[in-house]
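One structure is given here, and the rest of the page talks about it.
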């Protein structure tokens, strides 16, 4: 939608008092994390200045932006750019055409971030005019247009391609697969792109400008401006004092806000009845430029500060580098509304790990604070060291020194974080400023003065390293001086006990100081510079080059097959434009039913404890509690079962004993989701651990206490050969290697969401973001004690799942249904991100100990594996994980393979299936073992990998009937295509040259094979032809971003193709509709990468039935009339009573139940030895998927970063 807000007070009157001014503006758009960090809810805010007649456009995170703060703003969402009714915008069309949307939940925010970049680039008069259809934006800018927008489905390659397609300097041939042109047809490329025209969307209409001008002429009151529902906007410091000292402000909860971005980090703990918007106070918006520096009012946004600091007339080395660092803080859509002063106040009050505080501390900034009526000037260091400021203390301004009058100034800033750009708090941030003097005779550098600031390492606030500073002052910088400075630094950088990655943070601080000082001594290698090595005509060529400057480029090769057209064609994903325009409906988008209530979970904070009592604090939020649903509210005849499967069950709510931290204890019910979330935070839970054993938290604890789940014999994998015999054949052995893998959060963009609506006759309709609607139906029926036919579950789509919306969604769905059943009112539950991550679990933590024997040439003869999985509190699918891990490891021929498998029961959240469950851990463990063997033998790792790939005979031993025919075993070919080529050898040689020439950065290159055993499953399908010839298709599979609907649509058009004359195309006549447990039964579980395939098979069977019914009629009509149009055939069939709806149930044949997919990938990476920062320089992937149902969709599934993020965050411990 597009929200136009000419005057918020008028607009609020128009929509009624149900919407408060403290409502986030994301109330009207798609929202995911509600932390301001994902970008799914980005909108364009536009402000008009009648004095200059200028419109300022900027992106903003709507989940942080309160409605009261956008008074007299124009708000444009992606639906305002384009929509199904008015036509789509070129951004939306290109996102769809470049196959850049999968689940689609994040896509609206991507569109708006890109739109914001285009709008602001096109307004820049200093940029050259672009060719027709393009923007003034450059390729470099386009690559950063969606910085901070998170996506968990799509590899960012197609998204970046869509962004770059707007750049005036783009080479269209560098862009990836799309629907606009075929590779090689460069002349037609630009002409076929959806046309983009500057100003095609008016961001601030004329009638709104008139509204603003009118408001200015009537706003000369000397009283604070008051907007309805507790929103106040003082126009001066004096007005602010009047408000704060008035009787009405002596009670209640008051919040002072500028951008409200702090709520993304520190969630509100209670409701506020009054908000004071500080942005109307001129004193807080000042920008004073002097020769000594720039003074910013505390309300100036970070983005505006960056602009000013980069102005040519004020920019100095120090100010420019501060601006560069500020540009790495948060995301553009957060920086645009976040204030510099607010950031510093968070650092002072909340111990926020602020980059800004650290860099300004090193620069020697001063701040001005208003305490009551007294204005006090302090150094930033003094300010940070004070006790936390009172809530009503006002930070007035911050002075950024320029150091323009000083000579020989060195200034550098550093940060290390999980992501270099975007919303990622630093592990450590630091900034160093030094005045130096060079001895002209000796060339020695003397430190005259130095200021060293460090933050975010596990300290209360940023600090100056005074001891190190004192040591360095007056000294000639030498290697020994640097080493002594580092020793002093280690003594001063001491993280608090609870700090994560404490040793790493200390090493980062040391590394940053070393980077700063190392260029100063003579003859010491500089870590900031690297020598880039390229091979030219067989000779190594070296130049200084930063790997961060390597441009983003990609190339894809696919084999197209038109034999079964349109199946196999890279058509656009069905519904991609709807996703881009924000019109795709997810569960939370369903209009809230009348009298709907909302729920939020109270969960245990203890891993094992009795729950004696649950009470609520006395607060505004607790008064909003309507009901607390607990285990006692399970209806008579129902069961307290949140999830049950083959192996075991777990409850909806803990009854009296909480068995893990995160276990649901109750569901707070309130009138709105905000009230429910805040009310849940008011819960006070009384625990007791009397007579309880200590909780079991780790694999080691479980082994010590013999706490295991059983793996049923039918699922226990088969051991291969004789381990002892294989070890006897080995030339060398590794007796005790170890691999440890941590868990991984699901982190889908759409949180767990469900809406339960009571219906007549004790029935319940449930709308759920679920991969398993049929399972949800069964669980709700069991919980309520009613027949299955009383429960209808509907799922249209899910905004990402990765396995968590299969089994782990069940407790959320059943709890919501229990609440709706008890209260006889609709109830919606939309988990906040923290609750979702605490309750839902993730991938299984895994520990593997191995003994391996091998020949001197690297051929492995025998492997024994002791595998331990942390399953959490219940079985879930955990007994299936060890066989999956072993199956993934079997990509290599281990000669002889034995193992002992244990599934550990612990007092943790239940772990469940997560994308490629077991296969990820298994492949990682296998590669760790092979690399260990290669390391011991000092052999090339790829040579060892290749030697241990299967031949077809050994493949049959390890995979049995799934091995297939010899002609289908393509893994050696794929591996050789990547790793046994002159190109790879040249790259490997370049890596060696690079590592020889560079001391502080190193590169590596590796080729990894992969096997994935596919297990097909039964699936239903239904194809119905309506009287106008349009086609409705239903399948059991759920669209979760994998393109299932697109492939099913293609299959339906292919399956009925025999009934179509000439060039008539059925593809656009097909619509795939939502899954409904009443309409289509036996839908099964969507997962395992085979549901699209099985659903297509079911649709093909249904189409075959329709063809059998309609073919005789078509033949008869053709004899009589010649050409038979599709609509004529269907009209005649309907008139003659032919059944135009066919259902089917695809059941795979035993011979096709399981088969193996093969792939291989090369990655070349660079690592900074001082910080651990890793850069992927290049990746090459080869994947044999047989005949792809849709290459464009499948390519998007291959280019996927979730596994890399998992591998990057795990440490392999090798013990010899």
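Heads up, the Cβ atoms here are built off N, Cα and C, so glycines get one too.
Curation plays no part in TrEMBL annotations; they are all automatic predictions.
Per TrEMBL, the features are as follows:
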- 38, 41, 63: [2Fe-2S] cluster 1 binding site (BINDING)
- 103, 106, 151, 153: [2Fe-2S] cluster 2 binding site (BINDING)
- 339, 340, 341, 342, 343, 355, 395, 415: FAD binding site (BINDING)
- 771, 802, 915, 1088: Mo-molybdopterin binding site (BINDING)
- 224-405: domain 'FAD-binding PCMH-type' (DOMAIN)
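A map of TrEMBL features onto the structure.
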residue : record                          : Cβ contacts under 8 Å, 6 or more apart
103     : [2Fe-2S] cluster 2 binding site : 152, 153, 748, 749, 750, 797, 798, 799, 800, 801, 1040, 1041
339     : FAD binding site                : 258, 259, 298, 299, 300, 301, 302
340     : FAD binding site                : 296, 298, 300, 301, 302, 305, 356, 398
343     : FAD binding site                : 302, 329, 352, 354, 356, 357
355     : FAD binding site                : 325, 326, 328, 329, 413, 415, 426, 429, 455, 456
395     : FAD binding site                : 298, 341, 344, 345, 367, 368, 369, 370, 389
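The most densely surrounded of the binding-site residues 38, 106, 151 is 106 (count of other Cβ atoms within 10 A of its Cβ).
All protein chains included, residue 771 (Mo-molybdopterin binding site) registers 28 other Cβ atoms within 10 Å of its own Cβ. Mean model confidence for the domain 'FAD-binding PCMH-type' (224-405) is a pLDDT of 92. Note: the Cα of residue 1088 (Mo-molybdopterin binding site) and the Cα of residue 342 (FAD binding site) are spaced 46 Å from each other.
Using Cα positions, the member of the binding-site residues 38, 802, 915 nearest to residue 342 (FAD binding site) is identified as 38. For the pair residue 771 (Mo-molybdopterin binding site) and residue 106 ([2Fe-2S] cluster 2 binding site), the C-alpha distance works out to 19 angstrom.
For the pair residue 38 ([2Fe-2S] cluster 1 binding site) and residue 151 ([2Fe-2S] cluster 2 binding site), the Cα-Cα distance reads 8 Å. Of all the binding-site residues listed (415, 915), 415 sits in the most crowded Cβ setting, with the most other Cβ atoms within 10 Å. Of all residue pairs in the FAD-binding list (339, 340, 341, 342, 343, 355, 395, 415), the one with the greatest Cα separation is 26 Å apart. Other residues of the same chain near the Mo-molybdopterin site, with their Cβ within 8 Å of the Cβ centroid of 771, 802, 915, 1088, are 801, 803, 806, 913, 914, 917, 1040, 1086, 1087, 1089. Within 10 Å of its Cβ, the residue among the binding-site residues 341, 342, 1088 with the fewest other Cβ atoms is 1088. Using the Cβ center of 103, 106, 151, 153 for [2Fe-2S] cluster 2, the list of other same-chain residues with Cβ within 8 Å runs, in sequence order, 101, 102, 104, 105, 107, 152, 154, 749, 799, 800, 1041. When the binding-site residues 63, 802, 915 are screened for a Cα within 10 A of the Cα of residue 106 ([2Fe-2S] cluster 2 binding site), none qualifies. A 10 Å cutoff on Cβ-Cβ distances gives residue 63 ([2Fe-2S] cluster 1 binding site) a total of 26 other Cβ atoms nearby, all chains included. Calculated from their C-alpha atoms, the gap between residue 802 (Mo-molybdopterin binding site) and residue 151 ([2Fe-2S] cluster 2 binding site) amounts to 13 Å. Each residue contributes its Cα atom, and for residue 41 ([2Fe-2S] cluster 1 binding site) and residue 915 (Mo-molybdopterin binding site) those atoms are 25 Å apart. Annotated pair residue 915 (Mo-molybdopterin binding site) and residue 151 ([2Fe-2S] cluster 2 binding site), C-alpha to C-alpha distance, rounded: 15 Å. In this view, residue 153 ([2Fe-2S] cluster 2 binding site) is surrounded by 25 other Cβ atoms within 10 Å of its Cβ, with every protein chain counted.
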